[in-house]
Amino acid sequence: MSATLLVPSMTVKAADTIYNNKTGNQDGYDYELWKDTGNTSMTLNAGGTFDCSWSNINNALFRKGKKFDSTQTYQQIGNITFDYGCDYRPNGNSYLCVYGWTVDPLVEYYIVDSWGTWRPPGGTPKGQIQVDGGTYDVYETTRYNAPSIQGDTTFKQYFSVRTSKRTSGTISVSEHFKAWERMGMRCGNFMKPALNIEGYQSSGSASVYKNNMTIGGSSSSSGNQGGNQGGNTGNENAGNNLVTVADADKIQCETMTKSGQYTGNISSPFNGVALYANNDAVKYTQYFASGTHDFTLRGCSNNNKMARVDLKIGGQNKGTFYYGDSYPAEYTIKNVSHGTGNQTIELVVTADDGQWDAYLDYFNNSVEPGCSLVPGAVVVLVALGSSSNTGNNSGTNTQNQKLIALTFDDGPSSTTSQVLDMLEKYNVKATFFLIGQNVNSNTASIVQRQVKMGCELACHSYTHEDMTKMNASQIRNQIDWTASAIKNTAGVDVKFFRPPYISVNNTMYQNIDLPFIQGSMHNDWESSTSASQRVNSVLSSAKDGDIILLHDFQGNSQTVSALPQIIEGLKNQGYTFVTVSELFEMKGVNPNVEYKIWSNVK
C-alpha cells in the first residue's frame, strides 16, 4: 500500500447525531450504530472521534474504523494500529475495545482495554501475551448457530483482554493477530476493524476524543507502547484523520533517480514507477556499515506474465525479484552480501521479452544504525533485518569436513519417538519437516523433545496436500498455520520448507518466504522397500553436502530399523551429521535463492 493520506480535506461543520441503526462513512472512517432495543445516540465528530450514550438496551454498539473487502490477510494489508483516548463511563456490562471479523475462517475478535462490571469473556485463558507495554489474557470460544456477518452459523471468537484497565493508548491490532496465530488460533482475511464501545443490558456514555487508525508501516514487535506513539508524532495534527504510515517509513519509487529509454511514473495500480524495456532502471546510493542485509520491494507485473527485476549492488547482480501477476505484492531477497561504505544500488530490467512490464511501488524504510543517506543522494535503499554474516561463515575448521544432514518428513507420530531414540543413542541431530495438523496436544511432548535434543523443526505444510493446486492465499495459510502450531508448541521458528510430494510451481515460490528443501530420496515411504535396501540406497549415493530425505510417519518401522546401519555407515565414511541450518552455515552458502529447491549444499 502506498503511503497515501486516505482522507480528503475537510470543511468544518456541525457534528451529526444519529439515534437509530445506521452505517456510513465520514472523514474517511466507516461508522456504525447498532442496537436491538432501547435508547441510543451517537454524535459523529471529526475523523475517528465520536460521543455516544445508551440506556434501557439489550445490546448496542458504537464504532468507527475501516471496512476491508475480505480479500486480504492482515499480513497483506500491513500493520494496523489504533491510537486512541476515551472518557469512558459505563454503568453495568460494557466493553471498550477494538472489534472486527475475519473470514476463511470466520472469526469475531475483540481486543479489550477496558470494561464495566463484567470482565469478558469468562472462562480460562489459553495464555498471556505482551503487547503495547501491557499484558493481555487470550481466550478462544465457539459460538454455535449464532448471528454473524454471514448469517446464523457456527464461528470462533478470539479475545485479548488487558489484565489492567486503561482508556487511552495504542492498540497494535496486527501484533495481537501474530500472537494468536503463534497460539494456533487461525486468522483469516480482514474485515472492518474498528474502535468499539459496546453495551449489554446496561447504560452509560463515552466520549472518544482521539481515534487515529494507521495502516501500514513498521511492526511494534517490541510491545513498547511508547515506541508506537512516538513513531506517530509526525501525524499529531492528523488526530481526526484516517492515516497511513508516515512517509519516513516508506521510500516511494517515483521519487527515485530514473534511467533507461522508457522508465516513467505510473498512477495505477499504485503511485510508482514502470520499467518497460531492457535497461530501464532506478538507481540509489546507500551507506552500509555492515555487509549482509535483506532487501524488500513491492511491485507487480502489468499482466499475468512473469516480470523480473534484477537487484544490483556495486555493479554486481545480487538476485532477482519475480512478480507473476498484476496483484501488488512484497518480495524479499534475504541475506544479500555486498560491499560496505557508499554503494550504488540499481533495480533494472534485463530479461524483457516484450510481453510484460514491471511496476515498482516502494521499499520499506528501516535503516539500521550505521547506515545513512549519502549527501546529495536522491533516495536510500532500505536495509532490513540483521547484519549477520551467515553467508560468509566457511572457515578452515569446517571447509574440509564431510557434512551430511538427515531429515525426516510427515511427523510427528509415535514413530518419531523411535527415530529420536536412535538419534539419541548415536548422539546425532536431524531436521524434522512437520505436518502442521499433526502438531497437537497428543504430540506436543515429542516436538518438545526434538528441540531439547538439538534437532531442527521445519515446515512440510499443514494438511500434506498437493500445494500446486492451491491459490496464493491457501498456500500462505498452509505455511502460517504450520509455523504457528510449531511456535506455540515448541517456541521455535521454522526456517525451511519441503513441499508435499516435492511438487512445486511459481505460485508457491512467490508466496512462501522460506528456502525450499528437497533431498536425496530412498523410497522409504514404500512398504516394499526393505530396511537393507534403504541402508544400501543411502550409503551408496551419499555425497558431501547431501540432504537425506527419510520419513517418520506412523508405522514406518523399516526406516527405524535401518537407522543404526545408516548412521554407523555414514560415520565410517567420515561424515559429520548436522542440521539443515548448520549445513548451509558451515558450507558458507546462502539458502535464500529464488526459484531453487536444494538437495545438496556445496
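Placed from the backbone N, Cα and C atoms, the Cβ positions cover glycine too.
Around the Cβ of E108 (active site, nucleophile), the same chain contributes Y99, G100, W101, R143, S148, F155, K156, Q157, Y158, each under 8 angstroms and 6 or more positions distant in sequence. DSSP classifies E108 (active site, nucleophile) as strand under the three-state reduction. Residues or ranges marked as active site, nucleophile in Swiss-Prot: E108.
Taken from Swiss-Prot, the feature active site, proton donor applies to E198, supported by sequence analysis. Neighbour count (other Cβ atoms within 10 Å of the Cβ, all protein chains): 24 for E198 (active site, proton donor). In this structure, E198 (active site, proton donor) is part of a beta strand by DSSP.
The compositional bias 'Gly residues' feature in Swiss-Prot is assigned to 224-233.
The feature domain 'GH11' is assigned by Swiss-Prot to 17-211, with sequence analysis given as support. Looking only at the domain 'GH11' (17-211), the predicted model's pLDDT averages out at 91.
Here Swiss-Prot flags 249-366 as domain 'CBM6', drawing on sequence analysis.
The feature domain 'NodB homology' is assigned by Swiss-Prot to 402-578, with sequence analysis given as support.
The annotation region 'Disordered' is assigned in Swiss-Prot to 216-240.
Among the features that Swiss-Prot reports, signal peptide is placed at 1-14, with the record citing experimental evidence.
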